[in-house]
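In what follows, a structure is listed as structure tokens, so that the remarks can point back to it.
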């Protein structure tokens, strides 16, 4: 598959494998990838990943691992054993944790991409202050993105509003995976830092994570095609 044609990652915000498969029945694996998060994976385990792969979807396993280096690396390799396209960790776990994950993936000759979460898109300045970080979200994102790049990972999860800044800071050979994407007229839901698909791509995002606007649409396929047309 051509990477440029797979910029959209559909978040499968489903509680069961049945519901997830009903969603992907209405999607085309040549037009998007899918994301399996904590709720779905906790309910269904690895079997849901395998089922999605049987339907020819590449899977981003969004479990945001965050633990001591060895434990995190073992979890990342376990995800890679499932054959997922991408998996993530929390950059706040630190350099040693991230470097250990990269080393283990290379040692195992895995093709799975590893990215890091910088600042959760639901968090604003006051939220960071609550956990002892008296800093603007964008400054923390820059700090953690730079650390992620230095640690050898493939990219970061970041708000589209930070994408342009990160491109200048880090360069082109680095994935910027962006949640908080809402087509024109959509509800912001619980994402604080949101941007439209077209603007996100213009700002330098490489992949757009879109959930409810597609999965809750009356016709998910038509919504997906509409979004693709808007960023073409």
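Positions of Cβ are set from backbone N, Cα and C atoms, glycine also.
It should be emphasised that the depicted structure is a prediction, and the values quoted were computed from it without experimental measurement.
According to Swiss-Prot:
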- 64: active site, proton donor (ACT_SITE)
- 13, 35, 62-71, 121, 182, 191, 211-212: substrate binding site (BINDING)
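Swiss-Prot feature annotations superimposed on the structure.
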residue	record	Cβ neighbours (10 Å)
13	substrate binding site	17
63	substrate binding site	17
64	active site, proton donor	16
66	substrate binding site	18
69	substrate binding site	18
121	substrate binding site	24
211	substrate binding site	21
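DSSP classifies residue 64 (active site, proton donor) as strand under the three-state reduction.
Rounded to a whole value, the Cα-Cα separation of residue 13 (substrate binding site) and the residue listed as 'active site, proton donor' is 16 Å. Taken residue by residue with DSSP, residue 69 (substrate binding site) is part of a helix. Residue 211 (substrate binding site) carries neither a helix nor a strand DSSP state and counts as coil.
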